[in-house]
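Novice: I have a structure I would like to understand better, so I am pasting it below and will then ask my questions one at a time.
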């Protein structure tokens, strides 16, 4: 019986020696591995082997595995990864390539970290145990390195509220245990922030304002091992209450618009139509509604709640129209008064305006002319008054007795000196005299003649000569 077992064992060894090495030494590994630059990858691998001779190895012999890059000189120990403590990997791959599997358990899995573009190439596995040394050249692994396209992830609340602080987290879910942690940086258009970095993530605290709505915020991650960077950009949605509520008015078919303020008053002519557009700045958009006095109005178009079209039939009574903007964070309203006026009223108002303007202009012109005349008169010097004798100026004597004629002889009293002749070069002027008669005495009924003669006083008022 013992002899039979020995014969079977010898026959089995001879059978193994005669087999194809590919049937004795097998390896299962991915033939092509694609990985992005700066990242890491785990390549699963397992192998099998058999004894060719009884003296190849013993159960106590350790099992060593080696990963080589094709084209390297194995005689110079150019190993990329091994579990043999005596032999070390080359400097370029040290602390980046690891034989993660246990060859004792037929595990040859390879772990690669911080992959660089120059790592691309062909790799094969080598087994050493006792006298058995075998290179699995039939089962090579091709490593392809591409550009880094992975981006970080940003976690944030669905909506940010203006004036309230919020936390945002930037992380790299493809973290695979780098020798140095990644470097995080934040950039934003106008937002102010404070960040706190941890291994594999960064927490950002921001207090957004309404002007930050719609702006970009970027988280950038730099991998120190390869110095490659990747970034993620988001658009901020900041919730804020309504502001800058305005009403734009279009009169009739006119394309010219007018922006009205709260409390504005607008006269409306007879037969006129209006289009009122209410708008505000808020996020999410505020609910807009119109009311007339205390009556809520239906919007002209459901798709445009801020649009209100008013036709002459609506405007004949006028009134106060109010636009209300309602929002979860606050509300605003704006009111305007529409005053209908007939065409006659408008014409009278315009005529009154024109007449008033004309009268004002005429009064102003009259005052200006008068001031100019007075100013011109004051500038000319006054000439001395000269009286020229009138050709009909005679010595006159008036008798108190009407029955007695006046005598015009040389014995009469001379005229006052004011009647003296003026120089011939002076222009002749007209003088006026005032005749004053004394109270007449009663007539002598007895025919006696009064020997006393009464004369009248002739007064010439002195006139200033015209220049």
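These residue numbers are counts, starting from 1, taken along the chain as shown.
Cβ atoms here come from the backbone N, Cα and C positions, even for glycine.
According to Swiss-Prot, the protein has these features:
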type	residues	note
SIGNAL	1-18	signal peptide
DOMAIN	21-141	domain 'Ig-like V-type'
DISULFID	40-176	disulfide bond
DISULFID	45-108	disulfide bond
CARBOHYD	46	N-linked glycosylation site
BINDING	126	N-acetylneuraminate binding site
DOMAIN	152-239	domain 'Ig-like C2-type 1'
CARBOHYD	167	N-linked glycosylation site
DISULFID	170-219	disulfide bond
CARBOHYD	197	N-linked glycosylation site
CARBOHYD	216	N-linked glycosylation site
CARBOHYD	227	N-linked glycosylation site
CARBOHYD	237	N-linked glycosylation site
DOMAIN	242-339	domain 'Ig-like C2-type 2'
CARBOHYD	244	N-linked glycosylation site
CARBOHYD	262	N-linked glycosylation site
DISULFID	278-323	disulfide bond
CARBOHYD	287	N-linked glycosylation site
CARBOHYD	294	N-linked glycosylation site
MOTIF	453-458	motif 'SLAM-like motif'
Novice: Roughly how many Å separate the Cα of residue 262 (N-linked glycosylation site) from that of residue 176 (disulfide bond), to the nearest whole number?
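Specialist: Rounded to the nearest whole number, the Cα-Cα distance is 61 Å.
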Novice: Would you mind reading off the Cα separation of residue 108 (disulfide bond) from residue 46 (N-linked glycosylation site), to the nearest angstrom?
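Specialist: Cα of residue 108 (disulfide bond) to Cα of residue 46 (N-linked glycosylation site) measures 5 Å after rounding.
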Novice: Quick one: give me the count of other CB atoms within 10 A of the CB of the residue listed as 'N-acetylneuraminate binding site'.
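Specialist: For the residue listed as 'N-acetylneuraminate binding site', the 10 Å Cβ neighbour count is 18.
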Novice: Report the same-chain neighbours of residue 219 (disulfide bond): residues 6+ apart in sequence with Cβ closer than 8 Å to its Cβ, ordered by sequence.
Specialist: 152, 154, 170, 184, 185, 186, 202, 204, 231, 232
Novice: Tell me the Cβ neighbour count for residue 45 (disulfide bond), meaning other Cβ atoms within 10 Å of its Cβ, over all protein chains shown.
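Specialist: Step by step: centre on the Cβ of residue 45 (disulfide bond), count other Cβ atoms within 10 Å, giving 23.
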Novice: Could you tell me which three-state DSSP class residue 323 (disulfide bond) falls into?
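Specialist: Reduced to three states, the DSSP call for residue 323 (disulfide bond) is strand.
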Novice: Expressed to the nearest Å, what is the distance separating residue 197 (N-linked glycosylation site) and residue 46 (N-linked glycosylation site) at their Cα atoms?
Specialist: 39
Novice: Let me make sure I understand the structure: which of the glycosylation sites listed (167, 237, 262, 287, 294) has the fewest other Cβ atoms within 10 A of its Cβ?
Specialist: 294
